[in-house]
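Asker: Structure below; questions to follow.
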Amino acid sequence: MGDKIVRATAANGGIRLVAVLTTNATREAKKRHGLSYLTSSILGRAFSASLLLASSMKIMHGRVTLRVRSDGPLKGLLVDAGRDGKVRGYVGNPNLELDLVKTKSNKYSFDFTKALGTGYLNIIRDNGFGEPFTSTVELVNGNIAEDLASYLYHSEQTPSAVFIGEKIQNKNLICSGGLLAQVLPKKETDPLLVSLLEDRCKEINSFSEDLFESKDDLLSIIKNIFPDIDDKSISENARTQEVRFECRCSKQRSLNAMKMLDKDELEDILKKEGKAELVCEFCKNKYLINFEEIEEMIKA
């Protein structure tokens with residue numbers, strides 16, 4: 001089954017619920033970037049977080065950029081996600097592997113805190129008009145879910161709960177995804193709604209296990225927490241949306257990037273190499289700029 005976003009509301013429209021599946025997008029990123037299982041999990045979590053944020057944007061060409069700058073061995077990450085469900089991204093150290101750590105439930109987990117270290121989560125929301133909205137918060141623990149919840153609390157003052165996880169079995173990524181539950185802005189001061197959100201979300205003991213057991217049925221995950229969702233609040237067409245890894249790079253963008261070099265640099269490339277190869281950081285696609293194309297830039 002393909003990746004997707006599912007939307008719903010509860011409490012007569014007072015609580016917004018969004019669930020996202022990013023399994024295939026994460027697998028594609030793993031293949032393109034040569035990611036380890038640790039970095040696959042981290043980037044998959046960042047994919048889920050970015051898409052959850054982008055899902056609330058009003059216009060389809062709206063975009064969210066999620067960047068982590070930190071002192072950990074991961075060396076940061078960058079994700080670009082659209083309201084249209086398209087996502088791409090990369091990490092600074094794709095091959096990173098660390099020892100697993102034991103959790104409170106005596107299970108073993110990736111050491112996200114050590115991988116990311118201390119630093120900052122930066123979120124940019126771009127609606128495609130006016131100045132993009134930018135906000136930065138300190139990392140909480142590097143597991144992305146709590147970091148995103150901190151961003152929503154400090155930057156948007158919205159009571160929210162964020163769950164993000166994945167399941168890896170027999171060296172295969174089985175599933176990756178997330179869930180966002182938040183009191184809508186007009187209801188954020190309603191103590192009963194805030195209490196309801198807190199009580200329902202306490203029922204989630206392990207989102208990764210819930211995601212795995214759901215067999216990609218995101219609506220069932222939502223209904224496990226809020227069985228009384230508002231069925232008619234969102235049209236069927238708007239409720240579900242496709243998600244996929246897709247990059248916006250192109251040969252023309254590569255040519256435009258080359259044109260920003262001065263003529264001396266272009267002549268040096270032409271003399272030494274006779275061509276140029278540009279590699280997209282987001283997807284690793286390669287674009288060859290040949291002798292004639294570079295020569296044309298110099299003459300322009």
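Just so it is clear, glycine is given a Cβ too, placed from its N, Cα and C backbone atoms.
Quick paste of what Swiss-Prot says about this protein:
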- C247-C249: disulfide bond (DISULFID)
- C280-C283: disulfide bond (DISULFID)
Asker: Round to a whole number and give the Cα-to-Cα distance in Å for the pair C283 (disulfide bond) and C249 (disulfide bond).
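Answerer: Just about 8 Å between their Cα atoms.
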Asker: As a test of the contact definition, list every same-chain residue at least 6 positions from C249 (disulfide bond) whose Cβ is closer than 8 Å to its Cβ.
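Answerer: C280, F282, C283, N285, Y287 - these are the non-local Cβ neighbours of C249 (disulfide bond), listed in sequence order.
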Asker: I want to check the contact list for C247 (disulfide bond): same chain, sequence separation of six or more, C-beta distance under 8 angstroms. What comes out?
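Answerer: Looking at Cβ-Cβ distances below 8 Å from C247 (disulfide bond), excluding near sequence neighbours, one finds R88, C280, F282, C283, N285.
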Asker: Other than its own, how many Cβ atoms are within 10 Å of the Cβ belonging to C280 (disulfide bond)?
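Answerer: So the number of other Cβ atoms within 10 Å of C280 (disulfide bond) is 18.
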Asker: If you count Cβ atoms within 10 Å of the Cβ of C283 (disulfide bond), leaving out that atom itself, what do you get?
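Answerer: Counting Cβ neighbours of C283 (disulfide bond) within 10 Å gives 19.
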Asker: Using DSSP and collapsing to three states, where does C280 (disulfide bond) fall: helix, strand or coil?
Answerer: coil
